[in-house]
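Trainee: Before anything else, here's the structure in question.
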Amino acid sequence: MEISPLTTIVSVRRNGKVVMGGDGQVSLGNTVMKGNAKKVRRLYHGQVLAGFAGATADAFTLFERFEQQLEKHQGHLVRAAVELAKDWRTDRSLSRLEAMLAVANKDASLIITGNGDVVEPEHGLIAMGSGGGFAQAAALALLQHNAELSAREVAETALNIAGSICVFTNQNLTIEELDSAV
């Protein structure tokens, strides 16, 4: 699946917190259509953070399906993610959706792709979308060389750096935070 992830989503785990943030830019081709979209939200009674990169309408469908899986599996993040990925691969209507999800709860952070992949990234760090490489490099540098920064500060700084480099990412951020077991 070829996704045009014209956004940046970052999730960071540090010092008992998990943070997920995203920029607010929606682009259509080379035109900015909206600058204050909310691409990160809370699901399952506020216990799960979810963000998307890719087609907005497709992402809302995936949020809905993922939340149904969370309800079905009593909030078990990994099980819900695996079941969504299986559905995404096998259901013809879902297989056409062009988006990726980043999801996190107090225990785990995962990336779910339309190829059926469920990946738990290293370092408790997710960075995806068009500015994901910039954000990941910035976040890793901050995590490795500045122990005083909070998870929120790392995520915000990484997103702002990505927004200053990537033309499909702005600096109008949505940030959500949970206490983490890890």
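Quick reminder: no glycine exception, Cβ is built from N, Cα and C everywhere.
Since the structure is predicted, the reported quantities are computational estimates derived from the model, not experimental observations.
OK, Swiss-Prot features for this one:
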type	residues	note
ACT_SITE	T7	active site
BINDING	G163, C166, T169	Na(+) binding site
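Tell me about the setting of these features in this model.
Mentor: There are 30 other CB atoms within 10 A of the CB of T7 (active site), with all protein chains counted.
Cβ environment of T169 (Na(+) binding site): T7, T8, D23, Q25, G129, S130, G131, L159, A162, G163 lie under 8 Å away, each six or more residues apart in the same chain.
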Trainee: Looking at Cβ-Cβ distances, which residues of the chain lie under 8 angstroms from C166 (Na(+) binding site) while being 6 or more apart from it?
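Mentor: Once residues fewer than 6 apart are set aside, C166 (Na(+) binding site) is near T8, S130, G131, F134.
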Trainee: According to DSSP, collapsed to three classes, what secondary structure does G163 (Na(+) binding site) have?
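Mentor: Once the DSSP labels are grouped into three classes, G163 (Na(+) binding site) ends up as helix.
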